[in-house]
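See structure below.
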Amino acid sequence: GKAESADLAHRAGTVRHTKVSLFSALVGGAPPLHGPSASLAVLSALQPDWEKVWREVGQSLGQEPGQAQRSHAIQLLTDLRTRLRDALTVTSLDDASEQATLMIAGDRLVEQLEDYLQALEGIERFHQPRPTPARVSVPFHRDTAAALQNGVRVLLTVLMGGAFWIATGWTEGNMMLAGLAAACALLSTAPNPALGAVEFIKGTVAAVVMAFLCTFIVLPHVSGLPLLLVTLSLFWLPGVLATTMPRYALAGVAYLVAFTTLAAADNPMRYDFAVFLNGAVAWILATCFTLLGFRIVLPRNGGRDVTRLRLRIRDSALGTLRGEPTDAPAWQWRQQHRIAQLGALLKAQPQAMDRAIAQALTSLHLGREVLRLRRWLRQASPDAEWPHVVERSLRYMRQRAGDPVSAARHARRAATSLARLPVRSRAAMDEMRRVTAVLFDIAALLERHANVIPSPSGGQAHAQ
């Protein structure tokens, strides 16, 4: 949306890029390794240095924030990344699968460090007097189906309110329609809009009572602007305090808007009870029609919204098999936004949220591994043999994208075929081992992905 100032607008891109980089670092890192293994032993040997550096970074950033502390933290992580790469380069395990597992884990750890470094660099740019704009634009998930439903709901609810206005011949119905449209728009994206409408009603009723006391009992005894501001501040204070508490935030917003409109301090002040009563009825009816709209007119179905979002996350991950995303970072950031929205929709159900987020992260990691494999294909040497095997496998997987189990079999078959290819050099062998490990990882993720959520029996869910 639009920023409140030109300065915020200039920094908004940096803030978004910093947030998505932090999210990427949070969900990144090495996959869990179970049981004793050579690759786990190597990573365990690196763990003390890793923990020491992160502890120092935390201490540096935990001090009084400043450019020196941020620069020191960036330097610590940059040095750690260099040491990690050097250690992975010189380490060679006898077991090919263990070596490949170590390479994949190392790559993920390096990516996690790079994501966190990007976040710190974004914070550094943000604090500059004239920050440079973010180099990339961060995309967001847009649910067009929900947006269309919300628009139709607001239209029908406003028409219902307008019909009431015309049928009653009420002269002050315009204020009711203005409040009704605003309330419906504000609550459309709320996880539970009907409950939010109830909070709006509570806040509006409280505002009517307080506005009556203020307008007809207190204000007649007030003279002068300073005393007027003090008086209004005392009545505003409960609403301001309510907005600081999530449970009462919506009631607080409704209270502040309705009270300020109904009190209507003017110069000279006019005490017209009929005007006040019309305004009070308009605000109460606006919130009541809002509740009616969300309860009767296309009621919000939270379960359907969650299912549609989970399907979109799943289908987007499987879409990487078809070669759909052209910009890997943008694809990942959009998936991260979907995961954040999924958590917001399920925040009242902690256990369901944990399961859904875990399954969504499986989809995220699947897409990242497929995109990683495609990137290696683009960077492969022209005389290498493994790209032909992988390209053929990706072609079969693309044809079986709707059947994750079949696609997983093709990935495992390609990994087995790579093991039979002749090796011309140590570098080529390491490269093939790494590709083999990614294929096995993709196969495992596809098998876990098969039961993430049942495929819809109807058409595609149109969400972007």
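Using N, Cα and C of the backbone, Cβ positions are placed for all residues, glycine too.
Remember, TrEMBL labels are computer predictions, not curated facts.
Since this is a predicted model, take the numbers as computed values, not measurements.
Listed in TrEMBL:
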TRANSMEM  152-170  transmembrane segment
TRANSMEM  176-195  transmembrane segment
TRANSMEM  200-219  transmembrane segment
TRANSMEM  248-265  transmembrane segment
TRANSMEM  277-298  transmembrane segment
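At the 8 Å Cβ cutoff, the transmembrane segment (152-170) and the transmembrane segment (200-219) share fewer than 3 close pairs (sequence separation 6 or more) and do not count as touching. By number of Cβ pairs under 8 Å, the transmembrane segment (277-298) is matched best by 176-195 from the list 176-195, 200-219, 248-265.
Residues 175, 183, 186-187, 190, 196, 199-204, 206-208, 210-212, 214-215, 219, 228, 232, 235-236, 238-242, 276, 279-280, 283, 287 of the same chain sit 6 or more residues outside the transmembrane segment (248-265) yet have a Cβ under 8 Å from a Cβ within it.
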